[in-house]
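S.K.: I have a structure here, written as structure tokens, and I will follow up with some questions on it.
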Amino acid sequence: MGVSDNTRGLVLAMLSSLFIGTSFILKKKGLLRAAAAGTRAGVGGYTYLLQPLWWAGMITMIVGEVANFVAYIYAPAVLVTPLGALSIIISAVLAHFMLKERLRMMGVLGCVACIVGSIIIVIHAPQEHTPSSVQEVWSLAIQPAFLIYVTASLSIVLVLMLHFEPLYGQTNILVYLGICSLMGALTVVSIKAIGIAIKLTLEGINQFGYAQTWLFLSVAVIFVITQLNYLNKALDTFNAAIVSPIYYVMFTTLTITASAIMFKDWSGQNVTSITSEICGFVTVLTGTIILHMTREEEPATATGTIIWYDEDPSKGLEEAHFITLNNSDYFH
């Protein structure tokens with residue numbers, strides 16, 4: 001008796017979560033080593049590109065994303081997407097043992113709320129229609145409603161990059177992850193089109209002769225590179241056990257929203273489903289706020305402690321008069 005498609009999708013989705021959850025920790029350790037040897041990624045440094053651990057994390061993440069991509073071919077999104085929450089648990093556990101990052105009890109509750117809320121949203125999210133060609137995906141992508149969504153998303157991304165990042169990027173985790181999530185939701189649309197193109201081409205119907213296929217591919221590459229850049233900044237600046245769940249929540253929520261607008265899957269939903277989705281969003285929002293408020297602040301190299309002392313040689317170091325100022329008072 002052969003293995004069902006749903007079983008293949010389930011296994012691939014679980015492996016994807018394992019790889020992605022592990023990649024957060026490997027990349028974080030690489031970023032920490034790079035910060036000790038040069039400029040931090042959070043303030044524009046790229047010395048992490050010389051760190052083997054960072055590349056190990058990058059390769060692990062790519063393997064996880066590929067597994068996740070293939071899982072969507074075999075199983076429905078309702079089965080695959082919730083399993084992404086496993087990566088949160090994996091990264092939190094590994095961060096505790098490998099990075100010595102402590103997650104407070106309220107943070108654990110916030111993490112649980114995020115996972116539960118996201119699962120509720122996914123379970124009650126409307127079923128999407130799977131396009132049969134790249135041209136059909138393109139026709140859906142140029143609908144007025146989706147074009148408005150794309151314009152709004154890109155506008156918010158630009159505002160976050162140009163205005164909020166210089167002011168709040170080092171203190172508010174939602175700046176970096178907002179950019180990652182907004183672009184990630186649009187990337188999913190492009191990846192879906194590419195997946196359809198590959199699948200149909202393997203079945204003998206070549207889709208790579210259409211300009212739309214290459215356009216979707218170009219958009220996906222540009223957006224993925226941008227996502228990774230800002231995800232590196234988020235990991236370098238904030239606690240990895242917090243970055244993972246908030247990124248998951250925002251990405252999942254925006255992906256479902258983008259999919260519902262583009263494929264019009266929200267039409268025909270009953271009151272129960274809509275109410276459940278609203279409850280899920282409220283739960284997710286509550287969990288995100290709890291996580292953000294209870295996260296452990298990491299010491300940043302841009303701020304620190306300035307110490308002055310009386311240099312009178314007649315006095316020993318123990319007798320010196322120290323004045324300590326916290327630089328963070330001047331950066332907020």
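Here the Cβ of each residue, glycine as well, is placed from N, Cα and C on the backbone.
A TrEMBL annotation is a machine prediction, not a hand-curated record.
Look at TrEMBL and you will find 6-26, 46-63, 69-94, 106-125, 137-162, 174-198, 210-231, 238-262, 274-291 tagged as transmembrane segment.
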S.K.: May I ask which of the stretches 6-26, 46-63, 69-94, 137-162, 274-291 has the most CB pairs under 8 A with the transmembrane segment (106-125)?
M.R.: 274-291
S.K.: Report the listed stretch (69-94, 137-162, 274-291) having the maximum count of Cβ pairs within less than 8 Å of the transmembrane segment (210-231).
M.R.: 137-162
S.K.: By Cβ distance under 8 Å, which residues at least 6 away from the ends of the transmembrane segment (274-291) in the same chain are close to it?
M.R.: 106-107, 109-121, 123-125, 242, 245-246, 249-250, 253
S.K.: Is the transmembrane segment (238-262) close to the transmembrane segment (137-162), in the sense of at least 3 CB pairs under 8 angstroms with a sequence gap of 6 or more?
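M.R.: When sequence-distant Cβ pairs are counted, the transmembrane segment (238-262) touches the transmembrane segment (137-162), since at least 3 lie under 8 Å.
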S.K.: Hey, which bits of the same chain come close to the transmembrane segment (69-94), Cβ under 8 Å, at least six residues off its ends?
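M.R.: For the transmembrane segment (69-94), the list is 5-6, 8-10, 12-14, 16-18, 20-22, 24-25, 103, 111, 114-115, 118-119, 122-123, 125, 127-128, 191-192, 195, 199, 240-241, 244-245, 248, 252, 255-256, 259.
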